[in-house]
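Heads up: the structure comes next, in structure tokens.
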């Protein structure tokens, strides 16, 4: 049995009621601390929950995917695989590029992970090819995380090579130095270089080979130490003209002598200033450009990082020529700010609605002012605690405060209503405040700690979802705690000073009409309650049916992971036939760009073609479509995507895959669509057998759309089958063959030009304009042991074959990723189940393993823990209530209200067409804390009436229900109106907020109607059970 403080003393509130000045100053201190905290808090879209992620890129121009895999990726993977704290390692080896993405455990600091990566790269250095142009480069960035800012650099007067050179040295480097920036990439590939295009016929006629030319260039351009002269009186540094800086100097280079006459490089090659890689290109809208993508470090604050870039840009662009134009095409922070602003507006709207409902019930301005002060004070004070906890102002913390509006006002309402009741009975305001606050103090404590108990399981959610909602749960808990403090200190003090019999009795036409309305409602409720109490078993059956119905709804409701947000940016992947060349792909890309830019919702477009570590193959292109602001377009992002895909379907020979960018990025690779499923095997042959079979099955499933795979094994290969015996007789080694082919077709970087500001490359290749395709192989010549020139065709046959365009690994084993979207009439849960069922029908061998990735894997994990999360919340609340009430039975009575909330929430979600996602589940957990307030207020007063007035249990619960009907209705409507702005949200980020509001409004409506009748019935049934149990024990003791 609980022990209440004497009602005459005021309990813990007495000190604050009797010392109004001290109480006022204490509240002013909380207010000032909150205001200062608000100004100091950073702003972000969501809490920072990124996995520590590092990307390692190695470029080896001319190398095939299998060479990149065996010579570069595999040695690095073996070293990385030994690092502690590594969660997942994925890699992609394509023509000339190896990209390894390392994702670490959430608990590992990024700086520690960086040190381990650097050590592993150092250990693998001796295992990598000796002719790598550059060592592996790592960046603290998640490649799947969309850039925080995209800039396009264009010029109508300067070549792109000069533009990129200036942008790289004057702009990109400076932006890279900004705190929070993880990587700045320049897409477009127009880095300056001297290109040497050999005329195969010319060097063959002179008896030379490409290797002769390469050796001559390499030896003629050096930059090394030469020493100095140190005499008796002065020192002299040695220097020489060992560097060649321009294409003209290289043209004059003598590569050999024949019959005493020099042969210059210009005689056998076209030497020109050009781009280091001619198979790269980027466009902004329809104009060729250098596209600068800025990505943040995992964990960096996106708003402050973007603000720093914006502040620096004017200074950086001033250093560029006037003909060079820098345009910000996308800035993710624009939508983040808009989303946060909309959420703040909804918070203010919730406060206004709650104050309005208070006035409607209390019909008294002084009585309305008191909770009108308590609510913002509790919310503002929360900001001070958020600063100390390193939180940010984001959508989730603002949602927590919006929901808290309905929570925090409850405490003030309960206190005011109880004090007002004593004043209306004729007691002085001070005595009424002491008596009312002392009487209600235990109820406030019960409400507060039982509600916080519901939030405790959220803090123990695992992985990234737990990190995501940690700020939400703690922010809400802090607001509730501050509210309890304010309600037990400031609220009764203000009641003692502001309320009086005259003010409470003073009525106008509105107050008289509303009073009569409430009296009629209470009278009707009393009549209905009396009838219900006469039919307890029928009422109990209704309560049990809600439990059964909630289970059924839980089973059948569509389930998802996280709402798809409209952030105004669409990422796209364009794919053409596997044999497509760079020129062919660039042409197709421009056709698609023309179609996309015609859409009225599209503001700008950037696209990129080529292989440079971000794009895996020549037959694919990356696109970023920037939409107009939400208030300037008619359709949401999903409708725009559907419209664009329909339009692009008319372009022959290409497939376009689109997905909206999201604030929450869990994946470690850029995917074609939203969700991923992987097949992993011990060999590529196993994948080549089973991937097509599974793809065929999945493409037939109605639960999936846009099904695609990164498995591309039909890339054209010209296999050079060398007769080793013939080659050996001529003194030609396989290294000679590889060198000759690399010199001709690999855009080989053979020398470096050093300047004061940068370094540039000399690129060697054959001029294949007159001998396109496989015919170019007939021009290859090698040097035999006797100095003669031997055609490649004399020792080798060319065989056409197929090979993968890229080779992907997951944790060092071959893997392919199947990407898919979910149609509008299905949920992610439906899609996951359909894939699992299809997998079972294939009877995959034991060496093939499957796994969902990214958000789909997180969905499975969250779904699996949801039931346990709700059970944990219920158990935690039972324990807290049991301790507070010193009873095993009363907590069960209180918890019997929960199924009604679940039924209401699930029905509302289904009617609204929303999925049961993580946000909606959080709403249901919060409902568990809200709806039990009704039962607590009823049971507290019923127990007090039984103990102090000697009422029977039936009379006590009946009177408690009538007495507490108005505050119950008031607090429920306050919580409902606090969630209503979220449910009706239409602005930026509304997709994230709406499921929480829908679930809470639906749950509150249904639970309010049902629990007013089921709770008193269950209270009486458990009272009978307790009496029966006691009598049984008593008989046993007598018999003993």
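A Cβ is built for glycine as well, from the same backbone N, Cα and C atoms used for every other residue.
It should be emphasised that the depicted structure is a prediction, and the values quoted were computed from it without experimental measurement.
Sequence annotations record features per position, and here Swiss-Prot assigns transmembrane segment to 16-36 (among others).
The transmembrane segment feature in Swiss-Prot is assigned to 347-367 (among others).
According to Swiss-Prot, the feature transmembrane segment maps to 369-389 (among others), an assignment based on sequence analysis.
Residues or ranges marked as transmembrane segment by Swiss-Prot: 396-416 (among others). Beyond the transmembrane segment (396-416), the same-chain residues lying 6 or more positions past its ends with a Cβ under 8 Å from any Cβ of the stretch are 46-47, 340, 343-344, 346-347, 350-351, 354, 358, 361-362, 367, 370-371, 374-375, 378-379, 382, 386, 436-437, 440, 443-444, 447-448, 451, 468-469, 471-473, 475-476, 479-480, 482-484, 486-488, 491-492, 495, 499, 926, 929-930, 933, 937, 967, 970-971, 974-979, 981-982, 992-993, 996, 1000.
Per Swiss-Prot, transmembrane segment is recorded for 440-460 (among others).
The list of residues near the transmembrane segment (472-492) in space but at least 6 beyond its ends in sequence, with Cβ under 8 angstroms from a Cβ of it, reads 10, 12-13, 16-17, 23-24, 26-27, 30, 47, 370-371, 373-374, 377-379, 381-382, 385-386, 389, 391, 396-397, 399-401, 403-404, 407-409, 411-412, 414-416, 419, 433-434, 436-437, 441, 444-445, 447-448, 451-452, 455, 458-459, 922, 926. If you look up Swiss-Prot, you'll see 472-492 (among others) marked as transmembrane segment, on the strength of sequence analysis.
Residues 896, 899-900, 902-903, 906-907, 909-910, 915-916, 1010, 1013-1014, 1017-1018, 1021 of the same chain, all 6+ positions outside the transmembrane segment (537-557), place their C-beta atoms under 8 angstroms from a C-beta of that stretch. The transmembrane segment annotation in Swiss-Prot covers 537-557 (among others), and the record cites sequence analysis as its basis.
Sequence annotations record features per position, and here Swiss-Prot assigns transmembrane segment to 863-883 (among others) based on sequence analysis.
According to Swiss-Prot, the transmembrane segment annotation covers 888-908 (among others).
Annotation source Swiss-Prot lists transmembrane segment at 911-931 (among others).
Beyond the transmembrane segment (968-988), the same-chain residues lying 6 or more positions past its ends with a Cβ under 8 Å from any Cβ of the stretch are 335, 338-339, 342, 345-347, 349-350, 353-354, 356-358, 361, 399, 402-407, 409-410, 413-414, 417, 566-568, 630, 923, 930, 933-934, 937-938, 994, 996-998, 1000-1001, 1004-1005, 1007-1008, 1012. Annotated transmembrane segment per Swiss-Prot: 968-988 (among others), in sequence order.
If one looks beyond the transmembrane segment (998-1018) by at least 6 residues along the same chain, the residues whose Cβ comes under 8 Å of a Cβ in the stretch are 403, 525, 528-529, 532-533, 536, 539-540, 542-543, 546, 893-894, 896-897, 900-909, 911-912, 914, 920, 923-924, 926-927, 930-931, 934-935, 938-939, 957-958, 960-961, 965, 968-969, 972, 975-976, 979-980, 982-983. According to Swiss-Prot, the feature transmembrane segment maps to 998-1018 (among others), an assignment based on sequence analysis.
Away from its own ends, the transmembrane segment (911-931) comes close to residues 403, 406-407, 450-451, 453-455, 457-458, 465, 468-469, 472, 476, 554, 557-563, 827-829, 862, 866, 869-870, 873-874, 877, 897-898, 900-902, 904-905, 972, 975, 979, 992-1000, 1002-1004, 1007-1008, 1011 of its chain (Cβ-Cβ under 8 Å, at least six residues beyond either end).
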